[in-house]
Amino acid sequence: MKVSTIESGEISKGASSPRKGMKRGLSIMDFILRIFAAMSTLGSALSMGTAKQTMPFVTRFVRFKVSFHDLPTFLFFVTANSIACGYLALSLVLSFFHIVRTISVKSRILLVFLDTVMFGLLTSGASAAAAIVYVAHYGNPSANWFPFCQQYNSFCGRISGSLVGSFIAVVIFMILILMSGISISKSKH
């Protein structure tokens, strides 16, 4: 019977390497974060996309309506969140593939590139909408833009809530890009 001992610093052929375990852990975390980001962008798009409110004026025949599609910035916001949500749903397939096969590098590079594009799209949509929401809440006296959120409480509450979800997704995209970079740097040394 042949007995072999493993000296410190060596890894036996049957044991999995710590690097592979770390990459698998990063891949599992990547998958979970993508699910959270998809839910966040979907919630933001739905919340903004269904935001509307009608207020009666002096008579019941004259009414003031406000809806998200009245402002092109909010349309861009809904479009950006919808595109990001669709991308995240499709990227779950690659993310699951990385859990199963941790050594794939080219697909990780593609994912980092596409994550960066979606990060830019989502950030620009959320930032543009945040500027409009700020003006809606506080106005701009020097430009004679008056705040209208005192009259449209429900509408402003929904659009503000949708911004929170979108910025959560932006932070998750930052984490995903960093984790993918770490995973790529740990491969094939």
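Just so you know, glycine gets a Cβ as well, placed from its N, Cα and C.
Straight from TrEMBL, the features:
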| type | residues | note |
| --- | --- | --- |
| REGION | 1-21 | region 'Disordered' |
| DOMAIN | 24-171 | domain 'Casparian strip membrane protein' |
| TRANSMEM | 31-51 | transmembrane segment |
| TRANSMEM | 71-97 | transmembrane segment |
| TRANSMEM | 109-136 | transmembrane segment |
| TRANSMEM | 163-184 | transmembrane segment |
For the transmembrane segment (31-51), distant same-chain residues with Cβ under 8 A (at least six beyond the ends): 67-68, 74, 77-78, 81-82, 84-85, 88-89, 91-92, 95-96, 98-99, 122, 129, 155, 158-159, 161-163, 165-166, 168-169, 172-173, 175-176, 179
- prompt: Near the transmembrane segment (109-136), which same-chain residues lie under 8 Å Cβ to Cβ, leaving out any that are not at least 6 residues past its ends?
  reply: 41, 48, 71, 73-74, 76-77, 79-81, 83-84, 87-88, 91, 94-95, 98, 145, 147-149, 156, 159-160, 162-163, 166-167, 169-170, 173-174, 176-177, 180-181, 184
